[in-house]
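To keep things clear, I will list the structure first and then write my remarks on it.
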Amino acid sequence: MKTLFIDRDGTINKDCPYCHNPSDLFIYPDAVDLLQRYQDDGFRIIIVTNQSGIGRGYFTESQFKEFSDFMNDKLKENGIVISAIYYCPHKPEDSCNCRKPETGLFSEVLEDYKVDIPSSIVVGDRNEIDGEFARRIKLPFRLLRH
């Protein structure tokens, strides 16, 4: 299935320092429009996000999941279904293979889903991270800034 791989903080929601509190959630209206258009065009929506706040001890995986569930509920109110969220909990200096722009999260998705790679796309707010991730997995990239 064609898939939209989309970043979270700064792309779907306003980036706050280590977002993890549901009361801090602000979803960009243009991101909702974009997600709706891709979903209407038959794309599966998967979030791929770096969450170094977990590795730094600023918040727990449980808090991350609570924030994610809250965001997903808000998106569902707009008819948007997020199929999955893949995240890297590591700090940049941990040199893992899952922190974007590394491709480990993409490999995880491919283990779990059948992806029509030629028809898929990456959307994010940072060319040096999300764009480089897209280039490494050989997918087109769309920059979304608010």
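Cβ atoms are placed via backbone N, Cα and C, with glycine included.
Annotated features in Swiss-Prot:
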- D7: active site, nucleophile (ACT_SITE)
- D7, D9, D125: Mg(2+) binding site (BINDING)
- D9: active site, proton donor (ACT_SITE)
- T49: site 'Stabilizes the phosphoryl group' (SITE)
- C88, H90, C96, C98: Zn(2+) binding site (BINDING)
- R99: site 'Contributes to substrate recognition' (SITE)
- K100: site 'Stabilizes the phosphoryl group' (SITE)
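Excluding C88, H90, C96, C98, which define the Zn(2+) site, the same chain contributes N50, G55, P89, D94, N97, R99, E102, G104, L105 within 8 Å (Cβ to the Cβ centroid), listed in sequence order. In the three-state DSSP reading, D125 (Mg(2+) binding site) counts as coil. C98 (Zn(2+) binding site) has T49 as its nearest neighbour among the recorded positions D7, D9, T49, D125, going by CA to CA distance. Looking only at Cα atoms, K100 (site 'Stabilizes the phosphoryl group') sits nearest to C88 among the binding-site residues D9, C88, H90. Listed in chain order, the residues near the Mg(2+) site other than D7, D9, D125 are R8, G10, T11, I12, D15, T49, G124, R126, D130, each with its Cβ within 8 Å of the site Cβ centroid. Of the binding-site residues C88, C98, C88 has the largest number of other Cβ atoms within 10 Å of its own Cβ. Secondary structure at R99 (site 'Contributes to substrate recognition'), as computed by DSSP, is coil.
Ranked by Cβ neighbours within 10 A across all protein chains shown, the recorded positions H90, R99, K100 are led by K100. The two recorded residues, D125 (Mg(2+) binding site) and R99 (site 'Contributes to substrate recognition'), have Cα atoms 16 Å apart. Cβ neighbours of D9 (Mg(2+) binding site) (same chain, under 8 Å, six or more residues apart in sequence): D15, C16, C19, T49.
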